Structures are given as structure tokens and as C-alpha cells.
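Input: a single structure, listed below in C-alpha cells.
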Protein chains: 2
Amino acid sequence: MEFNILDADAQSNARAGLIKTDHGEIETPIFMPVGTAGSVKAVHQRELKDDIEAQIILGNTYHLYLRPGLDIIRAAGGLQRFNGWQGPILTDSGGYQVYSLSDTRKITEEGVHFKSHIDGSKHLFTPENVIDIQRAIGGDIIMAFDECTPYPCEYPYARNSLDMTHRWLKRCCDRFDQTPALYEYSQALFPIVQGSTYADLRKESAEVVASFERPGNAIGGLAVGEPAEMMYKMTDEVCQILPKNKPRYLMGVGTPANILESIALGIDMFDCVMPTRNARNGMLFTSEGIINIKNKKWQDDLSPIDENLGGYVSQSYSKAYLRHLIISKEILGAQIASIHNLSFYLWLVKEARRQIIGGSFASWKTAMVKKVSGRL
Amino acid sequence: MEFNILDADAQSNARAGLIKTDHGEIETPIFMPVGTAGSVKAVHQRELKDDIEAQIILGNTYHLYLRPGLDIIRAAGGLQRFNGWQGPILTDSGGYQVYSLSDTRKITEEGVHFKSHIDGSKHLFTPENVIDIQRAIGGDIIMAFDECTPYPCEYPYARNSLDMTHRWLKRCCDRFDQTPALYEYSQALFPIVQGSTYADLRKESAEVVASFERPGNAIGGLAVGEPAEMMYKMTDEVCQILPKNKPRYLMGVGTPANILESIALGIDMFDCVMPTRNARNGMLFTSEGIINIKNKKWQDDLSPIDENLGGYVSQSYSKAYLRHLIISKEILGAQIASIHNLSFYLWLVKEARRQIIGGSFASWKTAMVKKVSGRL
């Protein structure tokens, strides 16, 4: 994996870069649609490419390991061959899902014992086997196995958890370095900064993470309920330590405003279920602000979903038609809203990149944060 | 509306024809995907056109009248302008839905009093207002309001019901002839043959329906639970009376085998929810037979869904991936299976047409009925 910074904003830490993977290039800053179980919900693979113009999508280790399981993914030759998405894929390590989805789980130094949310079967994730699993799934970028602390989190718990996450990181890196990629392309391992909302822990973690000298670095454990200002403060502290010449990935973030503010702090990569999950519930992100399409005010609005966005769904379907579909619980409503919201997120980061390169990012960001946060 | 027969099979009553509407041509025999509430479930409008190669789709008067309502459809300029499907549309009259969906309904000579299945509100459908509603929805082909008798049905009930359906038909035709189309294209009204499973009633109804000299004729009240042989017998009797030079539409039919057998009897048009409804449940119709994709045997099958069918979904996604999506209740599973099944149905009628024109329909049909009815 290669990363080059093409331009940096003079008034912030924002940068425009280019990641090269064996499955193609990624222009940063980038938003990565979430394809939890091997599918970005309600979106065809060709729509990801042609309509949304996604450059990389996510898969999830916890979900894919449980279903469909590794045998079939290995037999297919990796996740891309299995699901037909031909661009780069990043797999999350499953750390977050083990904590949020499993009924019962027990964290030990060895790893995490958990029960499947699907059939109650018992499993153990360790730093080592999570690397093995991600080798089998075959993401271009794979993530270290960590503990994602909740918010709020007492200092002593955060302190101890962080130490263990760092020991696990060493085990992840060792396993990664001792094992080959299983398919005909290379994989990069990203370590994850933790430390809850404590600046000293975050700084320490960023130093440790940086010391592993991996091709890219991630920040986890944020956007878990803390105030946005606290998230920005932690992100800022960490970005000042993580090496400038490597991509920085802020996991699970966030709203359009969160993304713009974090780009200004030096973040290059984002993922979040918000654009797709909220779409299924009728919440649309547009270039003019947020729309709850279920509101009666859109009932007679025959204008396109977003006049400023190109693309089939944003232009071909009206707000009134989409409202009718969502109200009637028609599957096509979820499809249209998901493609639209993801198109908007990809448009937003592409536009941010263009503004960084053009030298106008700071003023554009201020205006845009206000616009995209308002409700229409 | 124009209809021309291009070729007729020498060994059966099958024919290959061409319907011309103001929204485009329809090659018959044709299958019409069902877009009940203004959307063919889980399918984008461009997919109907480009992948499925649909030539006409259905809308439903009962559903569209209740939601989104006529005001917005009128404001849009008809259903095509509202939902973005630019080809021909046929609207069912709502007769069937009033009986099957409404909690309580009372049939009188005037019409049918019923309660909305959505909010319990009370409504009255009459032959006159159902024509008015279909004028507002704006289908290229609209249907007479009838009583669809259940199966089994006692002779005296069927006799009385048929007489009323014929009186209603007169009222539908009068209203239709007294009212203009609301948009810049013309509409055609199809009357419907009823008569349950009684040959004498069916023949009488076919005579009455034919006497109204409309551009096309339909057969309703079949595929409601009676044995297939009984359905074929009724269809055969009716087809011998309905004029040859007009399209014949067998409503709500059916399985691939039902369609092939009915084409042989002289039917030109079909609709059915089966390909989309069964798709969402994991049942696939393929050129080699029926697949229950949930079965374990498809778990490791990385071959395309249907090797004999062209098209994006049938070729780009494997059986194993589709099985994973359906088992995981991923929306994309419903999307892929729906496009595939509809593509198969459209392929089937296109192939039937090619065989009729080529003079090989009878032998092809015998082999194909066997093939498409088997389970893989």
C-alpha cells in the first residue's frame, strides 16, 4: 500500500492524498460505505461503483466470520470474488461488534469469549485468530483487534484496557508479519489508537501505535456517545502525533459535519452506518440540509431529491415519490434513499478534496458545516 | 391502441403479436411485472428497462387510490410521471384487492363499500368512480370493475355475480366513453370475463365481453385455487370465443408452466406477483428449473445464478452469495432474486414468441414445461 499527499490546506491540517492498493486507487479524504455482511445494504455492487462512486467499502470480521463463514470466502478467493465488488475493501476487526452485539462476552488477556448473536454458539477471538480470519476474508486493509471502551469510561478501566489493547496490538503485528497473504494481492494492517476521552491516554496510545510503523493508522473508541467537541479534541491530539505521511482513519464517524471538522484535523478516512441506516428510516442528507422525507411537507414536492447532486437516483426520483415509497414501506424506498445518502457522502468528501487542492477549504468548510447540519 | 398478429402457431392457438401504445410497443406474448403501489418491489425503474427488459408494468387502483392518493398522481401528470417508468402501464381495477385485502366489504348493485387496510377509513368503489380513478392514475390500459368470485363458488352465486359484473361492465364502458383521457396520451379499457369454473357461464361471459368491442379483453377469476387443468379448460373455452384480432389477457397467472400452457391456448398477456414475491423468500425460477436458494446444497455453489440467462444479476452474483444474502435477510438478496426472476419470466415469453415465429413452439413448449417445473 502506498500513500502520497498531493496537497495540504494552509489554514488547517486537512490534506488531499492518494492511497494505492492492489485493487485500485483511493482519493483521500474518503468516506467508505459499510458493507457489514458483505453487502452495502440495499445497494447493488455496480451502483456502488457507477452511482455512488465509492472507492473502497468496508466488510466486518465478526459478521463474515459467523456468516457465511470463512470456508466459502476462501473457496471464492476472498471477499471481492465472493460479493463481486472489485475495488478495495477494508475489514474491521470485529472488536466493536463483539462488545455491542454478543449477548455474553468475557474479556481475558488471551482474547474475547463471546456468543454468536445468530445462534448462540460460543467463539473465541484472539489477536492472532482475528488476523488469520482477516487474511482469509482478504481485505486490502485489515484492522488490529482492540478493546473499544464505552462512554463514559472510568479512568482506571481505560488505563488497563489501553495497556491490554497495546499488548494485543503487538500480538496482531507479530501474527501479521509471520503469515502470508492468501490471495494474489497484498494486505496492510492498521493499528488502532484507543484511550477513551483521556488526552494523556490518547497521546500515549498514538505514540505506541506510531511506533509500530504500519502503512496507516486508525483512531477507534470515539463517536460512542461523547460530545462532538470531546471527539474533536481527542482527534486533534492524536493527529498531532500520528505520522503525517500515513493515512489516518477515524473509525465510525459520522455526521456530515463531523466528517468536515475531522478532515480539518487531519483525518483521511471515514466509515459510518449513518447514511444507510438513516436512509432506511427516511432521513436524507442533501447538499441543502437534512430532510425527514416522512414529513407531510414533502408529500406534494415533485422536485428531484437533490438538485445539486448528479446521479440517477438524486435526479430521477422526486421527493414526493420517495416519500410515498418510504411511507408505504416499499423496498425501493430504502434503495433510493441509501444510494442518495451514500452519493451525498461521497460527493461531500470529493468536494472537500477539491477545496483543499483549490486552497479554499477553510471558508468552504465553515459554510458547508452550517448548511449540511440544518433541517429543511 | 393497436394490435397486430405477426405469426400464429400451426399446432396450437399460440400467436406472436405487437401492441402499440402511446408509451411504446409491446411484443406479445408478454409478462407484465406487478408494481402494486407504483413500484415493482425491490427493483429500480432503470433495472426494469435495462436488465429485465420489461415492456409494460402493472399498477393497482386499490393501492394507488389509498396511497399516495390521486391528487399527487394528477399533479405529477399520471403514474409514469410520478414513478419515472416511461413505458406502458396497465392498471388493475382494484376489484380483486377490495375482496382480498379489505377487512369488511359490502357488495351492492351500486358498488362495493370497503374499509382501507391501511387506516380503516371507509370507501366506495363503483364502476363509474373506478373508471374516473383509472383516468387519474393514467394507465395506458385500464380494467373494468368486476366481482372476482372465489374458488370454490356455488353455481347460483356465480350466476348472480356474473350478471352483476356484466351490468357493471356496461356502466364502466359508458363512463369510459363519456370521459376524456386526462393526459396527452390515450387509454384503452379492457373488459373482464368471469363465470367461475362453469363452462356455460364462461362462454356466456365471453360473448358478452366480446360484444362490447373493446381493443382488448381479459379473463379474470382464475388462478384463485382451482386445479390447473380446470383453469386451462376455462381459458380454452373463452379463447375460442374472444375475438382473435384482439389481445387476450389472463389475469394473475402464473407459474412458468401455466404461462406456456396458456400461450398455447391463445393468451397474449400475463401478470403475477409470483416472481417477485417468491424471490423475496428465496425461490428462484431458472432456465434449468426451480431453486430454493436457502437449501444447504447451494452454500458452496459459486456458479452464476443462471448460466443460460444474460444480464447483470444472473451472471454477476453467485448462488452461494445470493444464498448468504437471503439467509442473512440482506435487502440486496431480495433485489437480486427479484431482478433474476423477472428477467427469467421476460426471457421465457420472449423465447416463446421466438419459437412461435420460428414454427417450433409446440415441441419447445413440451420440453420447456417439464424443465421449468422441476426442482433443482
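Every residue, even glycine, has its Cβ placed from backbone N, Cα and C.
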_Candidates A:D22, A:D146, A:D271, A:D300, the one TrEMBL lists with A:D92, A:S93, A:G94, A:G95, A:Y96, A:Q194, A:G221 as binding substrate_ = A:D146
*Given the ranges A:77-83, A:252-258, A:350-356, which one is assigned the annotation region 'RNA binding' in TrEMBL?*
A:252-258
*Using TrEMBL as the reference, determine which range in A:46-50, A:66-70, A:276-280, A:371-375 is annotated region 'RNA binding'.*
A:276-280
*Within 8 Å of the Cβ centre of A:D92, A:S93, A:G94, A:G95, A:Y96, A:D146, A:Q194, A:G221, which other residues of the chain have their Cβ, at the recorded substrate site?*
A:M143, A:A144, A:F145, A:E147, A:C148, A:I192, A:G220, A:M251
*Would you mind pulling the DSSP three-state label for A:Y96 (substrate binding site)?*
helix
_Six or more residues beyond either end and a Cβ under 8 Å away: which residues meet both conditions relative to the region 'RNA binding' (A:276-280)?_
33-34, 40-43, 334, 337-338, 340-342
_Recorded substrate binding residues, A:D92, A:S93, A:G94, A:G95, A:Y96, A:D146, A:Q194, A:G221 - maximal Cα separation rounded to whole Å_ = 15
*Same chain, 6+ residues apart, C-beta under 8 Å of the C-beta of A:G95 (substrate binding site), given in sequence order*: A:F125, A:V130, A:M143, A:F145, A:D146, A:E147, A:C148, A:I192, A:G220
_Going by a 10 angstroms cut-off between Cβ atoms, which of the active-site residues A:D92, A:D271 has the sparsest surroundings?_
A:D271
*Under the DSSP assignment, what numbers of helix, strand and coil residues are found in the region 'RNA binding' (A:276-280)?*
5 helix, 0 strand, 0 coil
*If you count the other Cβ atoms within 10 Å of each Cβ, which of the binding-site residues A:G94, A:G221 comes out on top?*
A:G221
*Summary of DSSP states over the region 'RNA binding' (A:252-258), given as helix, strand and coil counts*: 3 helix, 0 strand, 4 coil
*Could you check which of the recorded positions (A:Q194, A:G221, A:D271) sits closest to A:D92 (active site, proton acceptor), going Cα to Cα?*
A:D271
